[in-house]
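Working notes for the structure below.
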Amino acid sequence: SFVAGVIHPWRVGAFERLLWRACRGYLGESITWVIFLISYWGEQIGQKIRKISDCFHCHVYPYPESEASREETMNGLHSQIQDLSVVLEETEQYLSQVLDKVVVALPAWKVQVQKMKAIYLILNQCSFDVTQKCLIAEVWCPVRDLTQVQDALRQGSYKSGSSVECFVQRIPTSESPPTLIRTNKFTAGFQNIVDAYGVASYQEVNPAPYAIITFPFIFAIMFGDVGHGLLMFLFALWMVVYENRPSLRQASNEIWQTFFEGRYLILLMGAFSIYTGFIYNECFSKATVIFPSAWSVATMANHSSWSSAYLATHPSLTLDPNVTGVFRGPYPFGIDPIWSLATNHLNFLNSFKMKMSVVLGIVHMGFGVLLGVFNHVHFKQRHRLVLEFLPEMVFLLALFGYLVFLIFYKWITFSAADSLVAPSILIHFIDMFLFTSNANNLPLYRGQVAVQTVLVVLALASVPVLLLGTPLYLCCRWRRPTKSHHGPVATEEQEPLLEGQEAGNSVNATKEDVESGGHSPDAEHLDFAEIFMHQAIHTIEYCLGCVSNTASYLRLWALSLAHAQLSEVLWTMVMRNGFVGLSYVGGVVLVPVFAAFAVLTVAILLVMEGLSAFLHALRLHWVEFQNKFYVGAGYKLCPFAFTPDVGE
């Protein structure tokens, strides 16, 4: 007789050894490692083999005795296999059809599941009412969107068939409301720069609208070059034109995402750099002759004794503007291109850019102090106009505003004819603080010493006003009780929800919260030591900051000169070598030279220098400009919204 079956390959060795022992060495030859065929004699041996097969979990198949029965069994197995194959094939086709339909619906299902999870996450944060049937949620909502919120709640109640209508009720709170600043794709980049410093306090003046102009302009002062600005402008313009492409918007590279999100910022930086490049008259470090030069070499040659021997021994010639006809007035726009040929052009640009940096820096800081007026007026803190804004402006203008006046006065008063006797502004400014005069440095105008003495006295007198004014005012106001201190907190709480609301008020902020910017001065206990300490820190920081911040704006001069010199070095060391060859050799050499020039221009001047100028412009806005009026102690409103990958 025979026993046929199937066994796991790992069990074959042990199976054979045990069979060999049970059959006393009389064991049939196995056909394969998996399929086996055992021949034996005697029913007793057959029972032992079957028991052993059962122990090893073998699938044993019956072995018919006759040939006809075996053929019939084989045919039955083949037909069964064919039936199973047909069933498997049809099942696979059905599953494939089901999966094809699932693939189409899977994104929508995924969105629905994620939306449901996000909604239930918010619902779990709500609390039940006393009846355990309604959900109560305490949220911040902009006043402008209250009507939309109520309409959405009514529609939700109607569509859900709820017997209780959803409603919004205003609740009083002493917490400072969050800050919501609505932006678009153009202003978002500038707002992110401000938010990186600190989110604006509730209803505080937002510096972002002014940074749309001042930030690219300050960057361009340090990056002024027509060629480099044009390359940056075209790169940003390409991102703006194709901003809706998924390949650009959904790129996984973090650095690329940073550039793409700031594409409008880069666009303006490039445009302003082109403008300042025309002012500096620099295009890849070379001057452009848009208008004829105002200097006449021919006139100088006709009025001087420049002989052939003189020209041979003097490689550099001096143009005297005092000679009639040599200098015919200022250049129409920007710097005269003849300065690029002068040996003293660096000294000229040094003086020009240094004074320009000081003037623009003081104007920028003064504008920041002026923006503080809007905070004082909006928060009903009128006393700060007299006790803080006025002494701050007096201190800034009496010292550094006067410095700007001296710069312009010297530019207007002194010409080339009396330039040798022109006094030094720096020495005058130092003598101003020392209350003295220098006999070797002539005064710019009559009575200069007296005027400077009065200005310094005014600046010094403004310091104690700035230091003690606000603390003493708050102390006197606290000691003199008024009706507003002990009367009702606000009548606005009794008004209807959607009527009588001002555009700037929060849903649940009281009137005094709005007036004080979330920090009510009418607290039960005022810590005057803390107020005085805060005011002392502010006074020291402002007075010393006016000096250090003015010096900090000299980075505009330094970065601008560094960018111009790097451009000139790159042209001289690389590009000019391609023009020295003659005939076809120069043309062949020019190809790799231009490739190296292009790579170095992009890598060094556009990327590295651009990043350096960007960081310095960022510092000037954060430290020198925003600290004059911006607190940035708020927090963003984070409304419920589905993530971008979930979709709408």
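Backbone N, Cα and C define each Cβ position, glycine as well.
What TrEMBL records for 25-42 (among others) is transmembrane segment.
Residues 248, 259-260, 263-264, 266-267, 269-280, 282-285, 288, 356-357, 360, 364, 555-556, 559-560, 563-564, 567, 601-602, 605-606, 609-610, 612-614, 616-617, 620-621 of the same chain lie 6 or more positions beyond the ends of the transmembrane segment (217-242) yet place their CB under 8 Å from a CB of it. According to TrEMBL, the feature transmembrane segment maps to 217-242 (among others).
Here TrEMBL flags 262-280 (among others) as transmembrane segment.
Per TrEMBL, the feature transmembrane segment maps to 358-377 (among others).
Positions annotated as transmembrane segment by TrEMBL: 389-408 (among others).
Here TrEMBL flags 420-437 (among others) as transmembrane segment.
Under the heading transmembrane segment, TrEMBL lists 449-474 (among others).
Residues or ranges marked as region 'Disordered' in TrEMBL: 485-521.
Look at TrEMBL and you will find 510-521 tagged as compositional bias 'Basic and acidic residues'.
Taken from TrEMBL, the feature transmembrane segment applies to 582-608 (among others).
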Highest-contact recorded stretch vs the transmembrane segment (449-474), from 358-377, 389-408, 420-437, 582-608, CB pairs under 8 Å: 389-408
Chain residues outside the transmembrane segment (389-408) and at least six past its termini with a C-beta under 8 angstroms from it: 355, 358-359, 362-363, 365-366, 369-370, 372-373, 376, 425, 428-429, 432, 444, 452, 455-456, 458-459, 462-463, 465-466, 469, 542-543, 546, 550, 628
